[in-house]
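Below: the structure, in structure tokens.
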Amino acid sequence: MYSYEDRLRAVRLYLKLGRRMSATLRQLGYPTKNSLKAWLAEFERNQDLRRGYQRIKRQYTDEQKQRAVDHYIEQGYCLSHTIRSLGYPSREALRAWIRDLRPEFARTVVGSSAPTVARSRLEKQQAVIALNLRVGSAKDVADTVGVSRPTLYNWQHRLLGKVPLKPMTKKKGDTSLEQRHEALLRELAELESQNQRLRMENAILEKASELIKKDMGINPLELTSREKTKVVDALRVTFPLANLLCGLKLARSTYFYQRLRQTRPDKYTQVREVIRTIFEDNYRCYGYRRIDSALRLGGMRVSEKVVRRLMAQERLVVRTPRRRRFSAYAGDPTPAVPNLLNRDFHASAPNTKWLTDLTEIHIPAGKVYVSPIVDCFDGLVVAWNIGTSPDANLVNTMLDHAVRTLRPGEHPVIHSDRGSHYRWPAWIRRTENAQLTRSMSKKGCSPDNAACEGFFGRLKTELIYPRNWQHVTLKDLMTRIDAYIHWYNERRIKVSLGGRSPIEYRHAVGLMSV
């Protein structure tokens, strides 16, 4: 449900854009067309939108009330006939009007009783026990419980089966009453035990959700010993320790060992904070290997296994959902060139092998297209361009930026797929002027350009997929993508480069001045 501010923002933007429905939905990312039409109709009718739902209570005049009461008296004292004839009010309202205006005609329902209250199985058990152990009459027991005498005997029939009528004189040695009494007491004890067990299981789930931030659907047996110990400590005041340990399948010795460990100071407190900071500052996309490299670069040496354990305990998990790929293939405007790289994406020097491609990023506000050039030497994004249309200008401008970074004598191979952007005359003319050697993948074979596809995968799994892009405009998205690529070149750790970013690696090997 959209708030008042969201609905009013959508209507005002729609009017500001000249009542263009598609432009409004593309910029905001919400709502549906029918919802926006309904909001607009309400706004034009009231010059405002309702701030919430209000329950309207219908009001009747004194004349309407008197007319209904008179009709009831004149037409034979029938509530249904009066309501059908006049079309109002409800039966309860009409009865109230009769009591107020003509109380002498108000009818009292004979034999009415208090509303029926649902009784638990435990209450029924106790009532049946009292019935069988009574000294007085069954009516006295029924009055004490608050039910009728037939109801009491119905409970007995359901719980004990059909009980034969007792003879007026008790035979010697007849113990059926005592046996039923003992059976009822045993069943009552079992029900109380089962009730306590269910209460304990529910309390365990609630505490696991509260203390350990677990989902209510989690299986308590899948918790770690440390987490189980926290739950037991929180519930010891309410439930016996033995029952809690049994319910969580936790050995007594393990429980006291974990309690002892928790009293000791955590020697990884500082490391936990540093790991959490690194994870959050780097788009929540660092796994344990790059976290370990970042710690080493910061002068903090910790075992890789410790890093993995601490990340698991802090629940620092990289999310990697998948989306469909964008295809730029549009026929064969010019002949394709051969595949010169043949999936060899290793380069001994910068600016010898370049890769390029085009990808689509879709959010509620619309689509954005990213066109980069990746250097096979270290994965540096040499140049890139971001736009809202996958046209020739997007890729041609990107190529012009990349060519300006070349030094005299550098003429790399530029590899792409068979998309139409790389087969148009303007692209071919630019590559010939810069003396670049063109190379192309086979048709529909993404592994032939796997290194560039890998960059797109990292961009989407680290920046796009883990976040909610509702209410984000395309301009803001392009700004964030540009900032991500700068971070990718300057700060993002690559394990294959010794835990450095591409630019840091070039500084380290002397290929770029500081």
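Glycine is no exception: its Cβ is also placed from the backbone N, Cα and C atoms.
A quick note: this is a predicted structure, and the numbers were derived from the prediction, not measured.
Feature annotation from Swiss-Prot assigns Mg(2+) binding site to Asp357, Asp417. Under a cutoff of 8 A between CB atoms, and with a sequence separation of 6+ in the same chain, the neighbours of Asp357 (Mg(2+) binding site) are Ser371, Pro372, Ser416, Asp417, Gly419, Asn449, Cys452, Glu453, Phe456.
Within the model, the coiled coil (172-216) shows a mean pLDDT value of 76, rounded to a whole number. The coiled coil annotation in Swiss-Prot covers 172-216 and rests on sequence analysis.
Taken from Swiss-Prot, the feature domain 'Integrase catalytic' applies to 346-510.
Summarising the environment of Asp417 (Mg(2+) binding site), the number of other Cβ atoms within 10 Å of its Cβ, over all protein chains shown, is 25. Secondary structure at Asp417 (Mg(2+) binding site), as computed by DSSP, is coil.
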